[in-house]
Amino acid sequence: MSNKKRIFFTGGGTGGHVFPGISIIQKLKELDNEIEFFWIGKKNSIEEKLIKEQNNIKFIWVPCGKLRRYFSFQNFTDFFKVILGIIKSFYVLKKYKPQIVYATGGFVSTPTIIASSLLKIKRITHEMDLDPGLATKINSKFANKIYTSFKESEKYFKNHKNIIYTGSPIRKEFLTPNPKIIKQLTQNTNKPIVSVLGGSLGANALNNLALFIKKYAEIYFIHQSGKNLNDLREDNYLRRQFFNAEEMASIEKFSNIIISRAGAGAIKEFANACTCVILIPFKKGSRGDQIKNAKLLKNQNACIYIDEDEILNTNILKVIKETLNDREKINSLKENIKKFNNKHSSTLIAKLLIEDIKETKSK
């Protein structure tokens, strides 16, 4: 084992599998500036882009194949990519000798977790969603510890002895949102602000929805579209492909209503912001994780839930206007979503990891 303190993070595919890791690294840097950080992910991916924007995190790519629950001829070629990913991860980990490998989810994390198991490196896998994905289910077979973002997730890991409910880490920018930023973005509007957020990869259904509802001039609309649409500003409408962390924190905190997908990371940010949300979970081609996330909130009256298949049959503008005019409903939704807040999650996890490093180095 190396004398240097090193932690390897691995995960990706969406921002929801990357931002929590960045949050943990931010907190670890505050608590112990001697730790070196590495991130293993896929080449030319969202995780590579996001990690390379950070300071002092070395990104290393490995081959990886998608893990599927259904038959596909790609399963055969992807199987060999997974094997290659395990082999490269093995040699990378053997070279750098980290004390911990931390998986944040996504199929890219599995080769590294398996390789770290072969090398007897301490392994932690963190399930961000309520319902574990296939990657986490596989990772859990090799992990020493499982961290969960929802208390309700523990039932999916009954056979594992070391499960810790940590919550989902939130980036430090979201803990102190700046009200001046939302004023700059909306040009000091006095109108109610409704923000449509498509996530790190964008969302066609939400993009189409935003283009429809922006015609209503009595509301100021903020639209985060992903790379499929160009940036645009109109009288009551601002569209950007991406907002930075400070901008997004201000948008989530000071918008009157947020319309969003139902990824676990986004939900935890909304809970931290204590905001009123309309959730339209991703359905087609997904494993249903966002639907379960959204229904958990719906059942606790913490969000307005709209099924993706019902978008065309739902008068979204009517829902928005009725909600804006119902102060009691807004207050109730805000109070209930606040129960899902884990603003101290990054600190908790960082302290656990520092203890793990001390324990490993003392052996």
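Note that Cβ sites are derived from N, Cα and C of the backbone, with glycine treated the same way.
Note that the coordinates shown come from a computational prediction; the quantities given were computed from them, not determined experimentally.
For Thr14, Gly15, Gly16, Arg171, Ser200, Gln290, the entry in Swiss-Prot reads UDP-N-acetyl-alpha-D-glucosamine binding site, with the evidence type sequence analysis.
Summarising the environment of Gly15 (UDP-N-acetyl-alpha-D-glucosamine binding site), the number of other Cβ atoms within 10 Å of its Cβ, over all protein chains shown, is 20. Secondary structure at Thr14 (UDP-N-acetyl-alpha-D-glucosamine binding site), taken from DSSP and collapsed to helix, strand or coil, is coil. Within its own chain, Gln290 (UDP-N-acetyl-alpha-D-glucosamine binding site) has Asp129, Arg261, Ala262, Gly263, Pro281, Phe282, Lys283 as residues 6 or more apart in sequence whose C-beta sits under 8 angstroms from its own. Sequence-distant contacts (6 or more apart, same chain, Cβ under 8 Å) of Arg171 (UDP-N-acetyl-alpha-D-glucosamine binding site) comprise Phe19, Ile22, Ser23, Gln26, Ala245, Ala249. Thr14 (UDP-N-acetyl-alpha-D-glucosamine binding site) has a Cβ environment of 20 other Cβ atoms inside 10 Å.
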